[in-house]
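Peer 1: What TrEMBL records for this protein is below:
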type     : residues : note
ACT_SITE : Ser101   : active site
ACT_SITE : Ser101   : active site, nucleophile
ACT_SITE : His126   : active site
Amino acid sequence: MPIGVPKVPYRMPGGQYTDWISIYDRLYRERIIFLGRDIDDEIANQIIAVMLYLDSDDPGKDIYLYINSPGGMVTSGLAIFDTMQHIKSDVVTICVGLAASMGSFLLSAGTKGKRMALPHSRIMIHQPSGGTRGQATDIEIEAREILRIRHQLNEIYAGNTGQTIAKIEKDMDRDFFMSAQEAKEYGLIDRVIEERP
C-alpha cells in the first residue's frame with residue numbers, strides 16, 4: 001500500500017509559523033532534486049522547471065541531482081541533459097541504488113569532478129530501444145531515428161567517460177552493468193562516496 005508523499009515541518013526564514021510541506025519541496029529548498037522513477041515527459045518537465053528556477057535563484061551554487069532510476073524515454077532524458085548543460089550552476093549527480101539506461105546517462109552528464117555514487121549502487125548502460133509497429137516505411141523511419149540517437153548518445157558517453165566511441169558501442173550492444181567502483185574506473189563517475197561529508 002503506498003504511503004503517499006511524506007510531509008515534513010518547515011518554517012520560512014523569519015517566519016512565525018511552521019508549515020507541513022512535501023519532502024520533495026523541502027529538498028528543493030536545499031537545491032536537491034530526487035529522480036526516483038522512470039524518466040518520462042512529466043518527470044523531465046518537473047526536473048527541468050526546478051533546475052531552471054534554482055539556477056535563476058542562485059546561478060553560482062551547486063544543484064544536487066540524486067538518481068535511483070531504471071531509465072526511461074530517451075527524448076525526456078535528453079531534455080534534462082540539455083538543461084544541465086545550459087544552466088550556469090554546476091550539477092552534482094549522485095547515484096543511490098540504480099542508475100540504468102537514461103539514468104546512467106544523466107549520472108555521467110553531471111559536472112566533471114562532481115559525479116558520484118554510493119558504494120553499493122549499480123550502474124547500467126545499453127543502446128536505446130524502440131517499439132514501433134505499423135507500416136514497413138514507418139518502421140524503417142523509426143529504425144533510422146533510433147540509429148541516429150544511438151550514435152548521438154555514444155558520442156556523449158564517450159565525451160563524458162573518456163572511452164573511445166568504438167568501446168562505448170561495443171559495451172552498449174547489450175545491458176552492461178557496473179558496480180560503483182567499476183563505473184568510476186570506466187569514467188561514468190568521479191568518486192565513490194565512502195564516508196559521510
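Start at 1 and count along the chain as shown; that gives each residue its number.
Positions of Cβ are set from backbone N, Cα and C atoms, glycine also.
Keep in mind that TrEMBL annotations are predicted by a computer and have not been checked by a curator.
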Peer 1: List the residues of the same chain that sit at least 6 positions away from His126 (active site) in sequence and have their Cβ under 8 Å from its Cβ, in sequence order, or write 'none'.
Peer 2: Ala100, Ser101, Met172, Asp173, Arg174, Asp175, Phe176
Peer 1: Take the Cβ of Ser101 (active site) and count every other Cβ within 10 Å, whichever protein chain it belongs to.
Peer 2: 24
